[in-house]
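Annotation comment: Swiss-Prot describes Thr62, Asp80, Asp102, Gly103, Ser119 as S-adenosyl-L-methionine binding site.
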Amino acid sequence: MVRAELDKQPSDVRRMFDAVARRYDVTNDVLSMGQDRRWRRAVIAAVDPQPGERVLDLAAGTGTSSQPFADRGASVVPCDFSLGMLRVGKSALPHLPFTAGDGTRLPFADATFDAVTISFGLRNIVDPLSGLRELHRVTRPGGRLVVCEFSHPTFAPFRTVYLEYLMRALPSIARAVSSAPDAYVYLAESIRAWPDQEGLAAMVAEAGWRAPAWRNLSGGIVALHRATR
C-alpha cells in the first residue's frame with residue numbers, strides 16, 4: 001500500500017506522490033470532473049503574472065500548473081519534493097526549470113520571487129505554517145501569495161454529500177484510474193482534517209503575510225487565498 005498518514009511524514013508523502021506521478025494529471029481530471037482546469041485558471045488570474053516576473057510554483061508536481069505562467073511571459077520555477085513528479089514533468093515540459101525542494105526548507109535566497117503560489121500542496125507539508133513562512137521569506141516585499149487548496153463547502157446539505165463522496169466514492173473511482181489508488185484514501189482524509197477558510201486565513205496571517213483574503217470556488221470545495229508580503 002502506497003499512502004501517507006495524517007502525521008504527514010515527509011518520506012511517506014514523497015513515496016506516495018512518486019507512486020501516483022505517472023497518471024497524476026489524468027486521475028485529477030477524472031476525480032474533479034474537470035473542475036481542476038477551472039481552478040488552475042483561477043490561480044493564474046489571481047496571481048496575474050506580468051512578463052518578466054519571477055514566480056515560484058511550489059508543489060508544482062508535473063508542471064501542469066506552471067506552464068500557464070510561462071505562457072504569460074513570467075519566469076516560473078516549478079518546485080516539488082517528489083522526484084517522480086519532477087521526472088514526469090521534465091519529460092513533458094523540458095523547457096521549464098524543474099527544481100527539487102522541501103517546502104519547509106526552500107532552496108532559494110530571500111526575496112527571490114515577485115509572486116509565490118501553491119495549489120493543493122500546502123495540506124501535504126508536514127508543517128504548513130513553516131511552509132507559509134518559507135514562502136514569505138523567498139518573496140520580495142510587496143510580492144504576493146496565492147494558495148489554492150481544498151476547503152469546506154459553505155452550503156450545509158452539499159457539505160454532507162461532498163464528505164460522502166470524499167470518503168466513499170473518491171477512493172473507489174481512484175482504484176479504476178490511478179497508478180496508486182490507496183494514495184487517494186489519504187487525500188480524502190487529509191481534506192476532511194484541513195482547516196476551513198477562516199482557519200487557513202489565520203494561518204497565513206500568522207506566517208507574516210498581510211491582508212489575507214479568500215474566495216470560494218465550486219461552492220467552497222476549493223478556496224483561493226491571497227495575501228501580500
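Backbone N, Cα and C define each Cβ position, glycine as well.
The Cβ of Gly103 (S-adenosyl-L-methionine binding site) lies under 8 Å from the Cβ of Leu58, Ala59, Phe81, Ile118, Gly121, Leu122, Ile125, Ser130, Gly131, Glu134, each of which sits 6+ residues away along the same chain. Cβ contacts within 10 Å of Thr62 (S-adenosyl-L-methionine binding site), excluding its own Cβ and spanning all protein chains shown: 26. Sparsest Cβ environment among the binding-site residues Asp80, Asp102 (other Cβ atoms counted within 10 Å): Asp102. For Ser119 (S-adenosyl-L-methionine binding site), the same-chain residues that are 6 or more apart in sequence and have a Cβ closer than 8 Å to its Cβ are Trp39, Arg40, Val43, Asp57, Ala59, Ser65, Val147, Cys148, Glu149.
In this structure, Asp80 (S-adenosyl-L-methionine binding site) is part of a beta strand by DSSP. A coil conformation is recorded for Thr62 (S-adenosyl-L-methionine binding site) in the three-state DSSP classification, outside any helix or strand. DSSP assigns Ser119 (S-adenosyl-L-methionine binding site) to a strand in the three-state reduction.
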